[in-house]
Amino acid sequence: MYASREDIGYDFGDDSKVGSKPIKPNPNIDGGWAWMIVLSSFLVHILIMGSQMALGILNMEWLEEFNQSRGLTAWVSSLSMGITLIVGPFIGLFISMCGCRTTAIIGGILNALGWILSAYASNVHYLFLTFGVTAGIGSGMVYLPAVVMVGQYFQKRRALAQGLSTTGTGFGAFLMTALLKYLCTEFGWRNAMFIQGAISLNLCVCGALMRPLSPKDLSEKNMVRGNSEENQAKALSHSTETIKSNGILSEEPEKKEEAANEEVLGSVQHTETGGKSGSRRSLYGLRILKTVSQLTLTVRKGFALWYSSYFGAASLFTNRVFVAFIIWALFAYSSFVIPFIHLPEIVKQYNLSRQNNVFPLTSIIAIVHIFGKVILGIISDLPCISTWNVFLMANFTLVTCILTLPLMQTYVGLAVVCALIGFSSGYFSLMPVVTEDLVGTKHLANAYGIIICANGISALFGPPFAGWIYDITQKYDFSFYIAGLLYMVGIIFLLIQPCIQKKQPREKSTEEAQV
């Protein structure tokens, strides 16, 4: 284990000049409007992630309505959940060009449209397009900005803020399950989806609350973070202004590009001023030209940042620890989803249905999961505790529970393991914090988009893979064992790469000292 974030071993630039000037932070950082951002993200998790965890209600209605196989019908829910996460890298492009607020509002409209169109479905394949793809993409366009905005508005209490906002998933699972069950009973599943589509329009309100910080506020936040971390130890993250060895973008080209952009816009404005003596049509045309020029420059800048993050010389993939984090994400999420999918069948096999009906094991996971996110967030924000170490310990606990769950054949034993699974899986609230520590606030949208894309692939193929293993062995034990072993491989990557990474800066500093 690691004593501090310094063990990751990144090389930082000299921030001594920054520390010489007192910085007055924005009052909205760690307070003020920041808590409105947490509320917005909390509601997003209720409406999106909570609704997806309650799709079992609609899945039963679809089975009865369309008379298709369980496997084919289940793909509707899997597509919606998987696409929500898989589109993360592409949503990062929208955020780079349009900002979090605009992206979230468009996503809210698209999500609501997917629900409403699904109310008129004539077959399962129609639902693949309307609910799986349309609503899934809309969900992704709201989910990623909700996570990114919390990361931008918080510095000292990032883990707690992320933990509070993501508890919306657990609350949403209960609220949306009860709501959909009531709506389907009273109005039928088609009207229920139509009403849910109208409710989903509240995602646009959540997006409107995502007031963007100015570039000055973001830079001040990064400076303050760099100073505080330098006083404690060399941080895992970087001030987004300097890292060269890790492949993170430098600020120099951006400043030059901004200067060039201002010069172009200035010339357009000068031409507009000089043309006032001409016709109103010419003036109107010049204003349109100026607007188009500004929009073009914004799109070009956003695309350049997105492209360089993924494919350029400053690619995020040059960061070895981040690549290990991606490999971990490919195996981790399915280990959390598989118990939700297959626990009811395990309960049947062990003749524990009566006890499970009184208090379902999946409900135990969901309830404790809420407390796990908040408690792990509070622990991670303590000055003497490393977020990285808390993250790793939670992962070790979860993988141990996944491997031991098939050995439990009593309700009490399964309940204890499920409670530990729910608590340890609270590390999901730490994922944005760890990602931001790895790549910085500036690249959080693109980087976290990659991480949730890997999670989406895991969620999309993990449960069907477990079902396939069951078809071969006629036991769910091997599904949990294989999922746990693959999960362990991902954790080993997280342990190995930091050890390799931390040697390079030290060797480099030794060579410079000799010179």
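Just so it is clear, glycine is given a Cβ too, placed from its N, Cα and C backbone atoms.
If you look up TrEMBL, you'll see 33-55 (among others) marked as transmembrane segment.
Feature annotation from TrEMBL assigns domain 'Major facilitator superfamily (MFS) profile' to 37-502.
Here TrEMBL flags 75-95 (among others) as transmembrane segment.
Marked as transmembrane segment by TrEMBL: 102-120 (among others).
Remote same-chain residues near the transmembrane segment (126-148) are listed as 40-41, 44-45, 48-49, 52, 62, 75-76, 78-88, 91-92, 94-95, 100-101, 103-104, 106-115, 117-118, 162, 165, 203, 206-207, 210, 432, 444-445, 448-449, 452 (criterion: CB distance under 8 Å, separation of at least six residues from the stretch ends). Taken from TrEMBL, the feature transmembrane segment applies to 126-148 (among others).
When Cβ-Cβ distances below 8 Å are used as the criterion, the transmembrane segment (160-180) is approached by residues 34, 38, 41-51, 53-54, 56-58, 146-147, 150-151, 153-154, 192, 196, 366-367, 369-370, 373-378, 380-381, 426, 428-430, 432-433 of the same chain, each at least six residues removed from its ends. Marked as transmembrane segment by TrEMBL: 160-180 (among others).
Sequence annotations record features per position, and here TrEMBL assigns transmembrane segment to 192-213 (among others).
Annotation comment: TrEMBL describes 259-279 as region 'Disordered'.
Summarising the annotation, TrEMBL assigns transmembrane segment to 321-341 (among others).
Nonlocal intrachain contacts for the transmembrane segment (361-379), taken as residues 6+ away from its ends with a CB within less than 8 angstroms of a stretch CB, comprise 53, 159-164, 166-167, 169-171, 173-174, 339-340, 343-344, 347, 385, 390, 394, 414-415, 418-419, 421-430. Marked as transmembrane segment by TrEMBL: 361-379 (among others).
Summarising the annotation, TrEMBL assigns transmembrane segment to 386-405 (among others).
Marked as transmembrane segment by TrEMBL: 411-434 (among others). Residues 147-148, 150-151, 158-159, 162-163, 165-166, 325, 336, 339, 343, 346-347, 350, 352, 355-356, 359, 361-362, 364-369, 371-377, 380, 387-388, 390-391, 394-395, 397-398, 401-402, 404-405, 444, 448, 451 of the same chain lie 6+ residues outside the transmembrane segment (411-434) yet bring a C-beta within less than 8 angstroms of a C-beta in it.
Look at TrEMBL and you will find 446-466 (among others) tagged as transmembrane segment.
Residues 321, 324-325, 327-332, 334-335, 338, 342, 392, 395-396, 398-399, 402-403, 405-406, 462, 465-467, 469-470 of the same chain lie 6 or more positions beyond the ends of the transmembrane segment (478-496) yet place their CB under 8 Å from a CB of it. Per TrEMBL, the feature transmembrane segment maps to 478-496 (among others).
With pairs at least 6 apart in sequence, the transmembrane segment (33-55) and the transmembrane segment (192-213) have 3 or more Cβ pairs within the 8 Å limit; the two touch.
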